[in-house]
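See below for the structure under consideration.
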There are 6 protein chains.
Amino acid sequence: MMTFPVLFVFCLIFSSSYAAVQDFCVANYTAPQSPAGYFCKNPANVTVDDFVYTGLEVAGNASKINKVRLNTAFVSQFPGLNGLGLSLARADLAVGGSIPLHTHHGATEIILVAEGTVVLGFIDSNNKVYLKTLNKGDILVIPPGLLHFQVNGGNSPALEFAFFSSADPGVQILENSLFLSNLPTELIAQTTFLDTAQIKKLKGFLGGTN
Amino acid sequence: MMTFPVLFVFCLIFSSSYAAVQDFCVANYTAPQSPAGYFCKNPANVTVDDFVYTGLEVAGNASKINKVRLNTAFVSQFPGLNGLGLSLARADLAVGGSIPLHTHHGATEIILVAEGTVVLGFIDSNNKVYLKTLNKGDILVIPPGLLHFQVNGGNSPALEFAFFSSADPGVQILENSLFLSNLPTELIAQTTFLDTAQIKKLKGFLGGTN
Amino acid sequence: MMTFPVLFVFCLIFSSSYAAVQDFCVANYTAPQSPAGYFCKNPANVTVDDFVYTGLEVAGNASKINKVRLNTAFVSQFPGLNGLGLSLARADLAVGGSIPLHTHHGATEIILVAEGTVVLGFIDSNNKVYLKTLNKGDILVIPPGLLHFQVNGGNSPALEFAFFSSADPGVQILENSLFLSNLPTELIAQTTFLDTAQIKKLKGFLGGTN
Amino acid sequence: MMTFPVLFVFCLIFSSSYAAVQDFCVANYTAPQSPAGYFCKNPANVTVDDFVYTGLEVAGNASKINKVRLNTAFVSQFPGLNGLGLSLARADLAVGGSIPLHTHHGATEIILVAEGTVVLGFIDSNNKVYLKTLNKGDILVIPPGLLHFQVNGGNSPALEFAFFSSADPGVQILENSLFLSNLPTELIAQTTFLDTAQIKKLKGFLGGTN
Amino acid sequence: MMTFPVLFVFCLIFSSSYAAVQDFCVANYTAPQSPAGYFCKNPANVTVDDFVYTGLEVAGNASKINKVRLNTAFVSQFPGLNGLGLSLARADLAVGGSIPLHTHHGATEIILVAEGTVVLGFIDSNNKVYLKTLNKGDILVIPPGLLHFQVNGGNSPALEFAFFSSADPGVQILENSLFLSNLPTELIAQTTFLDTAQIKKLKGFLGGTN
Amino acid sequence: MMTFPVLFVFCLIFSSSYAAVQDFCVANYTAPQSPAGYFCKNPANVTVDDFVYTGLEVAGNASKINKVRLNTAFVSQFPGLNGLGLSLARADLAVGGSIPLHTHHGATEIILVAEGTVVLGFIDSNNKVYLKTLNKGDILVIPPGLLHFQVNGGNSPALEFAFFSSADPGVQILENSLFLSNLPTELIAQTTFLDTAQIKKLKGFLGGTN
């Protein structure tokens with residue numbers, strides 16, 4: 001009978017003993033989220049491995065376009081971050097590589113350069129540009145929500161780590177929002193002042209429709 | 001002797017009686033801000049007019065480019081908002097007018113259409129587009145930090161009010177960040193994939209340098 | 001067999017794919033709340049209509065007593081507000097109408113007058129009264145938690161919009177708390193100093209018992 | 001010359017050495033507040049006595065009307081509370097005494113009965129009454145912002161301590177807001193439905209004008 | 001058939017009517033927690049008893065070692081505290097009794113001495129010691145997260161109440177963390193500089209392994 | 001005349017133009033802090049260098065005792081972090097080196113191992129030990145406020161970066177709190193159960209008095 005597997009999952013979720021003291025709330029990915037994050041895994045079943053993440057040991061998937069490999073350790077990958085307001089990521093920038101203009105919805109970001117040279121820029125609400133070439137060991141903080149980008153500023157690969165003041169900071173990349181989406185060309189033109197030909201060229205390149 | 005006016009201001013700022021109970025913290029614009037907002041005006045000198053703002057009775061200054069007039073009631077104009085985490089604005093959109101693609105650094109926004117028809121769009125981190133035509137009395141909430149825009153969707157002027165979950169939400173308009181700033185053309189090209197000619201055309205139009 | 005419908009609902013709630021990135025948390029009304037709000041609806045099923053509310057296009061239900069019609073767009077009506085800390089309402093005040101003395105539990109409120117004239121008053125912890133006549137386009141901010149009221153101050157209907165720094169600000173109307181409830185008359189008398197006759201008269205009028 | 005005393009105060013406020021690590025922010029009462037509380041006293045001058053308050057050893061001033069003596073340890077009296085989001089108070093209720101209906105602007109309150117018997121009531125936004133007789137050692141939590149009151153429910157004096165989730169919770173006592181203030185009688189009548197005679201009687205009793 | 005009881009519980013949890021307005025969120029202990037606390041009990045089933053706790057009327061269980069009896073009213077015992085950011089506890093210190101060195105993870109604590117004399121000490125990040133002898137009615141605030149302890153400083157039993165800025169402040173007692181746990185002796189030695197013999201003696205005393 | 005330099009400083013602090021929009025609040029170290037952090041530097045004088053910190057390029061000062069070199073980038077060194085709730089540090093652990101048992105007052109910490117092998121341990125409120133050997137690229141999150149330590153677990157130097165959810169997380173090292181302070185030996189004995197001889201030995205070693 002079909003109901004057994006469902007009930008089995010159900011019982012795991014609603015087992016009756018919850019530890020009296022909550023020092024942490026490791027994410028339980030089998031249930032929906034609340035505005036404050038995922039449900040807590042039963043503390044009795046939590047082990048140190050819930051607080052460890054090894055996925056940042058290596059670079060992320062390659063992007064042919066930008067010569068950058070991004071790899072994230074957000075709460076959706078790393079359950080120990082749930083409810084703790086922190087996350088991180090790594091970026092491997094090949095020579096000539098860049099992370100295009102983007103924002104994180106409201107999270108502050110700290111960049112730490114681990115290898116090579118990175119040119120980092122951000123722009124504030126008064127259209128003032130903050131531009132800096134960072135070397136190994138340098139750190140830079142980007143105030144929350146501002147548009148920013150990184151480019152490899154040297155002749156060798158660069159590696160940087162980014163730390164965020166949110167367990168799920170989001171990454172909104174401008175070029176993808178505009179040219180990989182189905183936002184109609186005429187609305188893009190009207191709200192960015194870009195030429196229609198430019199928009200269509202980039203949509204063709206990135207895969208956007210309409 | 002030159003010191004008297006300064007000392008006079010000084011005495012006003014540091015007068016010795018602060019009310020024991022603080023129901024509010026009206027902004028004192030004569031001193032610097034803290035991360036939580038402006039200093040509090042001495043409660044003894046606060047009147048109801050500190051909590052009232054009449055500047056939104058009229059449209060803001062005209063923008064020849066976008067056919068939109070923006071007028072804000074942020075904490076820097078409206079002292080009663082200090083520390084209270086709310087602000088508002090009005091936008092008057094002429095026929096064919098638009099508010100270009102922009103973000104607010106981390107603030108949620110609610111749009112209320114007061115007159116006419118507004119097409120509102122926002123894009124999430126997964127490049128999914130949310131597009132809606134709003135009529136008089138309709139409201140729409142834009143999740144914090146996401147790129148969005150508005151265009152007049154009708155044949156008559158439109159008026160909308162916007163409410164923010166921050167006393168100072170900032171407005172980062174993409175076209176100004178890129179084309180009204182001194183961000184170098186080659187960095188824009190490398191981090192947006194726009195053609196150099198397009199960038200230079202818009203810089204010429206909006207006034208950006210480099 | 002009776003278990004099927006329940007399990008069907010259950011499966012909808014606990015479907016297994018949750019988007020990796022959470023830009024928002026639209027309310028799922030079929031499950032209980034957490035202290036931070038409702039569960040999130042599965043992002044894959046979210047559409048722009050979750051962020052739109054049309055219920056404020058019209059006045060709320062009439063109240064014969066106060067000549068006021070209140071209509072709210074709180075998170076329990078408008079799912080897109082969940083977790084975002086904002087909500088709104090409209091009040092239509094007939095000539096001679098009023099919103100009786102009330103509080104919102106801890107939320108700041110901004111009033112925007114859309115039509116007519118409104119006299120707004122609030123009182124602080126030091127028993128200082130802040131009273132203002134507002135005209136079309138005026139805004140006023142009421143610090144969190146303070147007692148306040150509105151009355152139509154003109155000879156024509158008034159319309160105002162209210163914005164709150166909470167998705168669920170609550171509305172505690174003094175007259176209803178005292179005279180529409182089952183709070184014993186002698187306790188009201190002892191803790192308000194009102195005469196017993198006055199209390200009984202208002203209980204009779206509003207429907208309170210005891 | 002008159003400027004010396006002022007400058008002396010000034011130098012004390014802006015002395016140049018601030019400890020690198022801030023475990024606390026003891027209130028400096030000689031400068032204005034920010035939205036997050038008072039300035040921090042220079043940590044080098046902080047002693048354990050900044051964290052100690054002895055003023056709650058005794059009952060507060062008597063109130064002839066209510067047979068209650070209130071004494072508070074809010075941040076304006078107890079500098080160590082600054083920025084820490086907690087405060088407390090004691091109430092000594094004589095036989096027949098009461099704390100009239102009141103609210104705190106957004107703070108949660110916990111009541112601990114130390115002596116005697118206290119009847120505590122609060123009312124929620126749905127006009128539901130929560131009423132309880134508390135004995136020595138009992139505790140009760142009042143959700144933030146709701147109207148509540150206490151009365152001595154026994155034949156001996158009662159003592160209770162109250163704890164608040166704010167360093168400055170405010171106390172808005174309904175009878176004082178209405179009848180000890182200069183709120184015009186006709187506005188009170190219109191927004192509470194009380195009879196004019198009742199209002200005038202209580203104004204006469206408590207000292208309100210208009 | 002085995003599924004009925006489970007489904008019965010299930011239906012109670014997911015009953016379909018949730019009150020529109022949420023003034024509070026009483027803990028539902030039959031479901032897991034979110035980062036913001038327990039699920040809310042259906043408001044329709046909430047009574048005043050959810051907000052009352054009588055368990056602090058008496059001392060907690062005796063500890064032979066420290067001559068102290070601790071009794072807590074945290075959210076896991078007192079459901080009304082859920083989501084409200086406050087909790088409390090009582091400590092009964094026999095003559096010669098003490099509460100060993102401990103921390104609460106990030107919560108501020110206020111101590112109120114109800115009987116006897118208590119010597120309270122805390123230490124800041126700069127290794128500065130704050131030491132005070134408190135008598136009946138005295139209060140002391142301990143900044144969040146700092147190491148602290150209490151000892152009975154008189155010749156009679158002492159009683160104190162503690163108030164916390166968290167519904168679940170945790171109590172991490174140093175001696176238990178080190179000597180009642182399975183933390184290997186050599187790691188303790190390396191990270192505390194204690195002698196191995198001392199560590200083994202205390203492990204033998206308190207029950208730790210490894 | 002002596003007053004001029006003071007007034008000059010004063011004028012710099014209270015210069016009259018503050019930018020209308022605040023995307024950030026760079027620390028002004030010449031004035032006291034508020035509970036939310038330092039005053040903001042005038043935005044007109046902010047440059048990109050306020051957001052950059054190069055002090056972590058190198059190891060911190062050597063500690064002969066622990067074979068560890070700690071270097072911090074907290075808000076008191078790095079002004080751009082002010083108000084942003086993030087900070088970081090690096091630790092260079094020689095072979096056999098360790099960071100002794102310590103806490104941060106309420107901040108979450110993420111450890112990223114950049115070189116070598118680190119054994120990290122933390123203990124929760126239930127005296128459960130979480131122990132892990134981390135290699136290059138591994139990350140581990142330590143829930144807020146819990147006691148933890150690190151030791152070099154390999155045969156070569158280790159380098160790690162730590163990230164905190166506070167601009168000023170504090171570091172309370174247990175051995176220093178107890179044995180480098182003036183906490184009286186008898187109180188240490190009474191509240192830790194350590195032998196007096198052990199306490200005196202470590203005080204002699206670390207420099208504590210009393």
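Just so it is clear, glycine is given a Cβ too, placed from its N, Cα and C backbone atoms.
The Mn(2+) binding site annotation in TrEMBL covers D:His102, D:His104, D:Glu109, D:His148. According to TrEMBL, the feature oxalate binding site maps to D:His104, D:Glu109. The feature disulfide bond is assigned by TrEMBL to D:Cys25-D:Cys40. Summarising the annotation, TrEMBL assigns domain 'Cupin type-1' to D:54-200. Per TrEMBL, signal peptide is recorded for D:1-19.
Across the range of the domain 'Cupin type-1' (D:54-200), the DSSP-based residue counts are 25 helix, 59 strand, 63 coil. Apart from D:His102, D:His104, D:Glu109, D:His148, the Mn(2+) site neighbourhood in this chain, defined by C-beta within 8 angstroms of the site C-beta centre, holds D:Thr103, D:Ala107, D:Phe122, D:Ile142, D:Leu146, D:Leu147, D:Ala162, D:Pro169, D:Val171. Each of the recorded positions D:Cys25, D:Cys40, D:His102, D:His104, D:Glu109, D:His148 was checked for a CB under 8 angstroms from a CB of chain C; the ones meeting this are D:His104. Proximity to chain F (Cβ-Cβ under 8 A) holds for D:Cys25, D:Cys40 out of the recorded positions D:Cys25, D:Cys40, D:Glu109, D:His148.
For the pair formed by D:His102 (Mn(2+) binding site) and D:Cys25 (disulfide bond), distance between Cα atoms is given as 30 Å, rounded to the nearest Å. In this structure, the C-alpha atom of D:His148 (Mn(2+) binding site) lies 32 angstrom from that of D:Cys25 (disulfide bond). Other Cβ atoms within 10 Å of the Cβ of D:His148 (Mn(2+) binding site), summed over all protein chains shown, number 21. Long-range neighbours of D:Cys25 (disulfide bond) (same chain, six or more residues apart, CB within less than 8 Å of its CB): D:Gly37, D:Tyr38, D:Cys40, D:Lys41, D:Asn82, D:Gly83. Sequence-distant neighbours of D:His104 (Mn(2+) binding site) (same chain, six or more apart, CB under 8 Å from its CB) are D:Pro144, D:Gly145, D:Phe164, D:Ser166, D:Pro169, D:Gly170, D:Val171, D:Gln172, listed in sequence order. Cβ neighbour density within 10 Å is lowest for D:His102 among the recorded positions D:Cys40, D:His102, D:Glu109. Classification of D:Cys40 (disulfide bond) by DSSP places it within a strand. Summed and averaged per residue, pLDDT over the domain 'Cupin type-1' (D:54-200) gives 96.
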